[in-house]
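Quick look at what TrEMBL annotates:
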type	residues	note
TRANSMEM	B:21-42	transmembrane segment
DOMAIN	B:67-416	domain 'Ammonium transporter AmtB-like'
TRANSMEM	B:76-94	transmembrane segment
TRANSMEM	B:101-119	transmembrane segment
TRANSMEM	B:139-159	transmembrane segment
TRANSMEM	B:166-185	transmembrane segment
TRANSMEM	B:197-215	transmembrane segment
TRANSMEM	B:227-247	transmembrane segment
TRANSMEM	B:303-323	transmembrane segment
TRANSMEM	B:394-417	transmembrane segment
Amino acid sequence: MGCRQSFRQCCDRPKNTNVRISLPAVCFVWQIVVIILFGIFIRYDQESDAHWAEYRKFQNISSDIENDFYFRYPSFQDVHVMIFVGFGFLMTFLKRYSFSAVGFNFLIAAFGLQWALLMQGWFQSLDPMDGKIKISMESLINADFCVASCLIAYGAVLGKLSPVQLMVMTLFGITLYAVDEYIILNLIHARDAGGSMVIHTFGAYYGLSISWMLYRPNLDQSKRLNGSVYHSDVFAMIGTLFLWMFWPSFNSAITDHGDGQHRAAINTYLLDMVIGHMVHIQNSTLAGGVAVGTAAEFMLMPYGSLIIGFCCGIISTLGYIYITPFMEKYLKIQDTCGIHNLHAMPGVIGGIVGAVTAAAASEGVYGKAGLINTFDFTGKWKDMVPSRQGGHQAAGLCVALCFGVGGGIIVGCILRMPIWGDAPDDNCFDDELYWELPEDEESIPPILEDNNHMRNRDV
Amino acid sequence: MGCRQSFRQCCDRPKNTNVRISLPAVCFVWQIVVIILFGIFIRYDQESDAHWAEYRKFQNISSDIENDFYFRYPSFQDVHVMIFVGFGFLMTFLKRYSFSAVGFNFLIAAFGLQWALLMQGWFQSLDPMDGKIKISMESLINADFCVASCLIAYGAVLGKLSPVQLMVMTLFGITLYAVDEYIILNLIHARDAGGSMVIHTFGAYYGLSISWMLYRPNLDQSKRLNGSVYHSDVFAMIGTLFLWMFWPSFNSAITDHGDGQHRAAINTYLLDMVIGHMVHIQNSTLAGGVAVGTAAEFMLMPYGSLIIGFCCGIISTLGYIYITPFMEKYLKIQDTCGIHNLHAMPGVIGGIVGAVTAAAASEGVYGKAGLINTFDFTGKWKDMVPSRQGGHQAAGLCVALCFGVGGGIIVGCILRMPIWGDAPDDNCFDDELYWELPEDEESIPPILEDNNHMRNRDV
Amino acid sequence: MGCRQSFRQCCDRPKNTNVRISLPAVCFVWQIVVIILFGIFIRYDQESDAHWAEYRKFQNISSDIENDFYFRYPSFQDVHVMIFVGFGFLMTFLKRYSFSAVGFNFLIAAFGLQWALLMQGWFQSLDPMDGKIKISMESLINADFCVASCLIAYGAVLGKLSPVQLMVMTLFGITLYAVDEYIILNLIHARDAGGSMVIHTFGAYYGLSISWMLYRPNLDQSKRLNGSVYHSDVFAMIGTLFLWMFWPSFNSAITDHGDGQHRAAINTYLLDMVIGHMVHIQNSTLAGGVAVGTAAEFMLMPYGSLIIGFCCGIISTLGYIYITPFMEKYLKIQDTCGIHNLHAMPGVIGGIVGAVTAAAASEGVYGKAGLINTFDFTGKWKDMVPSRQGGHQAAGLCVALCFGVGGGIIVGCILRMPIWGDAPDDNCFDDELYWELPEDEESIPPILEDNNHMRNRDV
């Protein structure tokens with residue numbers, strides 16, 4: 001504790017909030033690096049390459065409609081809307097931070113997606129023949145997922161970090177995510193179609209740990225801006241609705257063709273309905289889709305989805321009332337958007353539900369082929385049984401938690417350094433630091449003034 | 001009339017607007033009931049069940065892409081956007097009722113969808129073998145349609161009912177819809193792909209009848225809030241646009257695979273264009289998609305769509321100018337959103353157009369197979385001829401009208417009881433009754449104040 | 001110059017801004033004409049006609065899923081969202097012109113789409129057998145594209161033209177577009193999947209030339225309204241995001257089935273990410289999708305997309321800082337939305353990139369079949385080689401430029417006539433001229449007043 005204290009003091013020098021040079025410089029250098037790496041590593045896969053016609057003939061594929069594009073594209077676009085409109089507008093609720101909410105969300109996503117394509121490519125789809133990463137629609141969806149975890153983390157630190165800090169947070173977050181995902185999905189062989197563990201649990205604890213490391217004891221000096229106004233809340237509803245509506249696409253985007261996608265969409269839809277029922281718009285509504293993430297493609301049964309939604313809605317709502325204030329007061333974790341209620345708890349619940357559902361899977365319910373398809377009991381894992389799969393799912397959840405908390409603490413330390421241009425405690429949640437704002441709403445009256453002027457002229 | 005008068009007096013006791021306990025209690029109990037019913041009745045159908053791989057082999061289906069999911073999912077998501085963003089934001093035009101517009105829209109939809117899955121399942125897709133309802137993507141779309149009728153009804157009573165009343169209205173509305181739909185589509189064998197009769201005519205007259213039963217003679221005491229401001233109108237445009245743009249998806253979502261979906265989308269699109277041409281944004285723009293609902297999948301011909309759009313635009317616009325004020329003044333029907341112009345009249349027109357188009361169908365235009373596919377002249381109805389089909393369509397329209405008006409009057413009576421927590425006449429259209437509102441727009445200036453404070457400190 | 005001057009004087013008589021009669025009259029007459037033309041010319045094509053079942057059997061098509069509807073519909077809906085929500089809300093940034101931005105965007109689109117279906121039909125899909133135009137999903141997408149060019153032109157004249165002028169601009173714009181497109185795609189045989197040349201270059205220079213012809217020397221008298229407020233900027237972000245997100249759909253909507261659509265979507269997506277990285281939200285973010293329009297379906301390679309995005313972002317940003325003010329001051333071109341940076345320059349770059357990429361295409365990269373498919377080296381063009389194709393692409397770009405500038409100047413002359421009801425220089429950018437506006441934001445306080453009233457009553 002003493003050590004942390006002295007580190008804190010070393011970091012708490014006066015801050016320089018000017019990012020006018022550092023931000024473009026970082027972006028510029030970064031973009032050059034990415035372009036070079038893309039030039040070396042990234043190529044189209046056979047479904048998007050111009051050789052598709054030959055490949056199709058060779059593979060005896062009967063029609064162009066079986067190109068993966070037509071299986072994935074509608075879900076992909078929905079996920080894309082969630083990332084940019086959903087997450088972006090969800091965070092516009094602060095009265096004077098809407099530009100930054102949407103703008104930095106955009107920055108994180110655009111920056112993160114490129115890095116994610118590379119990191120996930122190296123870990124998951126490097127072609128051993130030519131050392132290239134072959135990208136397709138599925139890679140883009142996976143990159144969107146990866147970025148979602150960083151946007152969740154952004155929710156915890158909204159209004160408190162500078163854009164340069166956000167880029168550092170994203171850079172490490174994506175890297176950790178790719179490793180974490182590789183361990184959970186490939187080494188441990190846990191299934192996580194909608195990312196309860198990989199995306200939500202990891203992302204939320206990553207953000208909360210960073211927020212903990214960057215605790216601002218005098219944040220109430222910015223209290224005047226840490227709240228909403230009527231119209232900013234309506235903007236936030238746009239984000240909430242788009243996130244919420246497209247949750248079925250999110251959870252079904254990368255599941256197996258056919259029944260897997262169908263079932264994942266139905267499960268998420270049903271659960272969403274219960275959650276929606278709980279009215280706490282902008283808050284607990286989003287918890288449901290998270291909690292069914294892992295189990296979305298399993299045979300959860302329609303009533304199972306409803307029960308999970310019901311429990312999550314209650315837990316998430318209680319979280320807002322009791323846990324968030326408790327965390328802020330006693331654990332020194334300032335969670336601007338309440339991601340602990342929206343993503344962390346539902347994510348953990350989702351992981352547990354996934355483990356239980358997997359352990360309880362039986363051939364009677366799934367059919368022999370269905371069991372193998374759903375849990376991918378093939379190749380190296382062909383002797384796996386559902387009960388052991390349950391254990392692997394639980395192990396996956398633990399890994400996600402460790403990566404989130406551990407990674408967050410380390411990155412938080414880095415971000416405490418006084419070189420990143422973050423706002424002082426009495427100036428958080430304010431667009432003015434980073435954007436040229438238009439004149440205020442109140443200055444519209446000139447119209448009236450001008451009408452007088454015209455009337456005078458008429459006289 | 002005297003009887004109605006005395007019933008009114010009995011109901012017009014002072015109102016208690018507190019729903020803080022009754023609303024969560026109703027939701028909680030209701031949700032438990034639904035979960036139990038889902039546990040007993042609802043299962044995946046063969047296209048979303050893990051046995052799909054076996055089913056596919058058994059049915060000799062060549063590819064996963066022929067899973068109904070890929071036929072329906074894009075339309076489904078569009079319909080979903082219409083329900084939540086379209087209807088929700090359409091009603092945000094009131095200056096201080098945006099939270100309730102979006103929030104209660106959400107409540108009705110989430111609540112109604114669950115009940116609709118059960119009700120429609122019992123009537124239409126109960127598996128006689130095991131007594132279970134098998135749900136699929138098509139069930140979800142049908143449930144969305146069902147809920148749309150209640151959201152239309154919500155438009156007539158916007159700002160005047162409490163959330164508990166809205167839930168009662170929805171509960172009965174969904175039930176009536178399911179019966180109504182069963183009679184029209186199954187017993188009478190009318191075709192109604194886009195729901196001109198089943199959804200719009202029924203929904204609109206249901207809402208108008210309720211509004212008539214709940215007539216508030218002193219509503220002008222809330223006049224200060226029954227209007228828009230600049231930005232609330234822009235929010236409403238978001239709703240209008242999303243409803244309007246996705247109308248082709250709405251009308252093609254459950255039509256036949258192949259040419260049916262294709263034609264329904266084109267017809268609606270063309271018609272939309274004419275309507276859009278009429279500029280009365282937020283108003284008549286939406287009438288077109290309604291009017292082509294029934295006939296969308298018929299061979300209406302492109303110019304036919306244009307003519308219908310043209311007529312509807314004119315009628316709907318005239319409706320806003322003449323009929324709505326007339327209805328309010330003389331018929332004692334207060335129609336907040338003008339659903340009579342948007343849904344009731346165009347719905348009736350759509351039903352008539354459907355009847356005429358069906359009666360005029362010929363083998364020359366449709367081809368033999370096309371005629372059978374389009375009108376489903378199979379099984380019990382294999383001897384049906386187009387001219388008789390026209391009669392059945394007309395009968396369907398009458399049934400929809402009767403259910404709407406009759407159901408609305410009965411439910412209106414129930415809702416007059418003074419136990420539901422609705423607002424007094426001088427406090428309608430106000431979010432404050434039901435939501436914790438943020439401080440006002442005007443209170444942003446503190447920023448300036450604080451800048452002064454900082455400047456002082458610098459001194 | 002002297003001639004232009006005297007023409008100007010002849011036109012600069014006092015203006016009559018009343019369009020209450022002329023606008024509906026023009027719309028009405030126009031709509032009647034279109035309905036008659038539709039009746040004469042437009043029919044369903046075989047994929048949307050009820051004879052599809054027979055056609056399918058005849059053509060030996062194995063499944064309904066191979067109806068073009070399922071290839072195109074998701075992209076079509078995304079393009080539709082771009083046209084109405086994207087373009088519409090992008091232009092809501094002006095503080096008192098949001099109604100007109102969305103409303104006139106709607107008017108142009110709805111009006112233009114009908115005319116585009118006819119014009120493009122006559123030029124491209126007239127059936128020689130029966131003299132009818134056969135429309136399908138692809139026709140609707142093409143019409144959306146056609147209209148996009150007029151909406152781009154609208155960006156340059158936003159706030160300065162009356163709705164009647166906009167309709168004239170659209171009427172000629174669509175006509176020019178159809179001719180231009182026919183020459184470039186059919187006669188010259190250039191490829192332009194995402195329309196860098198046909199849509200963006202043509203549209204932008206068309207709008208800029210009109211704006212030049214209609215130069216208003218005293219426009220700074222409307223300066224008070226030519227700017228944004230906080231919330232109007234947030235609305236504009238909605239437009240930006242929807243345009244930006246769906247760019248991959250725009251560029252892939254009409255490319256070849258299979259790998260072409262897949263590759264176009266990936267290329268645009270990658271490029272978007274770099275651009276997004278540049279943070280200048282609302283501005284340069286949109287330049288990327290434009291610049292990759294022509295080459296989207298080519299084998300541009302992922303890093304190629306990134307490089308184009310990078311350059312375009314820089315050029316577009318510099319354009320806002322240096323070129324727009326220069327154009328206004330010295331070239332007398334007033335470009336309200338900065339379309340020169342968003343569409344004109346990126347469009348030209350896109351055309352050049354397309355020419356270079358086409359010229360550099362080789363059988364090694366594309367494969368023999370791929371080359372033929374991608375560049376459509378069939379029929380009359382079967383002896384074409386990539387290097388000559390590059391020349392044809394360049395020729396296409398020149399044609400687009402000529403049509404844009406030439407057409408714009410002529411139409412600009414027509415629009416200078418003082419009969420169209422445009423606003424005087426001191427009253428531009430104002431909704432009040434054309435819409436009945438609700439009372440002002442400031443007038444909400446009545447709530448407080450009323451609270452007092454209630455408190456008094458309690459006393």
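Heads up, residue numbers simply count up from 1 along the chain you see.
Just so you know, glycine gets a Cβ as well, placed from its N, Cα and C.
Summarised as a single figure, the pLDDT of the domain 'Ammonium transporter AmtB-like' (B:67-416) averages 84. Against the transmembrane segment (B:21-42), stretch B:101-119 has more CB pairs under 8 A than any other of B:76-94, B:101-119, B:197-215, B:227-247, B:303-323. Counted over residue pairs 6 or more apart, the CB atoms of the transmembrane segment (B:101-119) and the transmembrane segment (B:197-215) come under 8 Å in fewer than three pairs, which marks the two as apart.
With a threshold of 8 Å between CB atoms, the same-chain residues lying at least 6 positions outside the transmembrane segment (B:166-185) that come near it are 26-27, 30, 104, 107-108, 111-112, 115-116, 119-120, 122-124, 146-147, 149-150, 153-154, 157, 191-192, 197-198, 202-203, 206, 210, 396, 399-400, 403, 407, 410-411, 414-415, 420. Scored by C-beta pairs under 8 angstroms, the transmembrane segment (B:394-417) has its highest count with B:197-215, from the stretches B:76-94, B:139-159, B:197-215, B:227-247, B:303-323.
Contacts between the transmembrane segment (B:227-247) and the transmembrane segment (B:76-94): present, as 3 or more C-beta pairs lie under 8 angstroms, all at sequence separation of six or more. Within its own chain, the transmembrane segment (B:76-94) has Cβ neighbours under 8 Å at 101-102, 105-106, 109, 137, 140-141, 144-145, 147-148, 151, 154-155, 158-159, 225-228, 232-233, 235-236, 238-240, 242-243, 246-247, 249-250, 253, 282, 336-337, 429, counting only residues six or more beyond its boundaries.
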